[in-house]
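K.L.:
From TrEMBL, for reference:
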- 118-152: repeat 'PPR' (REPEAT)
- 153-187: repeat 'PPR' (REPEAT)
- 188-222: repeat 'PPR' (REPEAT)
- 253-287: repeat 'PPR' (REPEAT)
- 321-355: repeat 'PPR' (REPEAT)
- 356-390: repeat 'PPR' (REPEAT)
- 391-425: repeat 'PPR' (REPEAT)
- 426-460: repeat 'PPR' (REPEAT)
- 461-495: repeat 'PPR' (REPEAT)
- 496-530: repeat 'PPR' (REPEAT)
- 531-565: repeat 'PPR' (REPEAT)
Amino acid sequence: MYLKKGCSLLLKVHKPTVPFVLNTNPAVNPSYVNEKSDQIDETQQKTPVHESQVISRLRQEPNIVSALSYFKSIANSNAFKHTALTYQIMIDKLGQSSEIDGVQYLLQQMKLEGVSCDEDVFISVISSYRRVGLAEQALKMFYRIREFGCKPSVKIYNHILDALLSENRFGMINPIYSNMKRDGMEPNVFTYNILLKALCKNNRVDGACKLLVEMANKGCSPDVVSYTTIVSSMCKLGKVEEAWKLACRFEPIVSVYNALINGLCKERKLEEAFQLLGEMMNRGIDPNVITYSTIGYVLGGRLYEARDFWNRMIREGFMPNVVAYNTLIHGLCTSGNMDEAVYVSHQMEENGSSPNVTTYSALIDGYAKAGNLVGASETWNRMIRNRCHPNVVAYTSMVGVLCVNSMFNQAHSLIENMAMDNCPPNTVTFNTFIKGLCGCGRVEWAMEVLDQMKQHGCSPNITTYNELLDGLLQGNRLKEAFDLVKEIEERGIELNAVSYNTILHGVCRAGMKEEAFKFVGKMLVGGTKPDAVTFNMIIYAYCKQGKVKTAIELFDRFRASGEWCPDIISYTNLLWGICNWIDIEEALIYLQRCYMKGSAPTLPHGMC
């Protein structure tokens, strides 16, 4: 075993949440256990208590307090001396109840009684720590393993490595693996699979592939888990072709095909996904609901293909579950196919799968985005009739559709009802309401909602302030907008590109060129990355002011850095400025660049 100097191996034993005291001194008179009671019955002395009886009783007792009461009654008598196995069962039960102090106490008690802690007991201890997210404590205990009469084994090392992996303690995994090899233990396929998962979770797929080669070289054949781990990670990173080449080296299972199909669908390579699905079925591997849900989600926006695919799924005997239905419904709603989405939701009920709050939320959100109050209201009422309690997503979507239809009083009442309905509004809910109010010029009310938002314990974010800034600037309330900017900065919230674009648009519209340049400078100095809209406004502002050389310098610098790709508006604004303030020859140079990009400049509105 290896440990750095100065690292403490002492384990602090706390008082257990479930109190108990174990008496290690044998009783003077032997007594026996009445199995119908948690206590020792001294009147019944016919048969001694055997280990199998104690094990059976502990395993069958669902209540941790009762199990512990029985355990200590045995321990505090001479009826039975606990063994490594009875200790292990009790440690397991305490660990499952997150009674870690109790686990530590029993381990110490084993040491005091001289009961050897075998491999299975120690694994139970490690599992208890893992369950409550104390992998580091498990590691400290591991370094004391010999104190408890137990020796490290490959199985114990695997459990320690897995506990560290569960908490993403990647930096600790390699040293433990090195310890394992120095202890003369050969890693098995489970060890390698844990290491492969660690590398893949850390996006080190190349390292995982090298480890796969090391496995084979050491005579430890990779199994399906090994390959599936790497294939899935490659697909998540967009390396679908490499993943498929790797999958061809072994007999793929349904999870591997699902990962590949998911990767292809994300890249919108639907034909390849269908081909892979066909190959999967030809090889006798049945697709599962995840396979169909993956393709169904992508096809949500392609109505006819989605319908054909869905019917094919049902014909082949794969009855979709709620998750699969919701996946398709969400895709249809996102693409605006609301009639088809509602049809699928009714088909879902006919097939015995009750729509849940996710189903209804997707439908309401789809109607909200279309501004369809009738459809959203009917879906809401259907949800309530079916005794499905709305969640914050459903409420927020309803607030949105009410705002789109200028029904602000009803939207406000709905928000007030949320708290009473045990579903408090969140920041997104308030942002939706504020956006609706500002869009209709109800800025005063929106500012009041900002205060209500704070009272509800919801912190405004940059989206909240951007909506309010837009509302104030649309109403030419510049002083209030600037005061709000100060409030944003005082709260430690950074302005983003949307914030600057909103401000620049407002001050430019008001003819406040100096203020516009001040915010441009602030933006560039502050490190906020401008987007295409910002760049075009900056170019336009400098050209309008006559500072064309500055505009050209910024244009060339940002284009060369790769941070921004000029579009037709960029070239049009710059050409107009050059023609008006410099000369036609300079303009022709940029005009040539513009045509090389395949764009044709036009005279912008208001620049005549």
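Backbone N, Cα and C atoms are what each Cβ position is placed from, and that goes for glycine too.
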K.L.:
Per DSSP, what is the helix/strand/coil residue tally across the repeat 'PPR' (321-355)?
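P.N.:
Within the repeat 'PPR' (321-355) the tally stands at 26 helix, 0 strand, 9 coil.
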K.L.:
Any idea what the model's mean pLDDT is for the repeat 'PPR' (531-565)?
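P.N.:
Overall, the repeat 'PPR' (531-565) comes to a mean pLDDT of 73.
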K.L.:
Hey, which bits of the same chain come close to the repeat 'PPR' (461-495), Cβ under 8 Å, at least six residues off its ends?
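P.N.:
Here the qualifying positions are 427, 430-431, 434-435, 437-439, 441, 443, 446-447, 450, 453, 502-503, 505-507, 509-510, 512, 523, 526, 528.
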K.L.:
Of the residues in the repeat 'PPR' (253-287), how many are helix, strand and coil by DSSP?
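P.N.:
Secondary-structure composition of the repeat 'PPR' (253-287): 26 helix, 0 strand, 9 coil.
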K.L.:
Short question: which residues 6 or more past the ends of the repeat 'PPR' (153-187) have a Cβ under 8 Å from it?
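P.N.:
For the repeat 'PPR' (153-187), the nonlocal Cβ contacts are 1-2, 119, 122-123, 126-127, 129-130, 133, 135-136, 138-139, 142, 145, 194-195, 197-198, 201-202, 218, 220.
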K.L.:
According to DSSP, how is the repeat 'PPR' (391-425) divided among helix, strand and coil residues?
P.N.:
26 helix, 0 strand, 9 coil
K.L.:
What residues elsewhere in the chain lie close to the repeat 'PPR' (391-425), defined as a C-beta under 8 angstroms and at least 6 residues from its ends?
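P.N.:
Sequence-remote neighbours of the repeat 'PPR' (391-425) are 357, 360-361, 364-365, 367-368, 371-373, 376, 380, 383, 432-433, 435-437, 439-440, 442, 445, 456-458.
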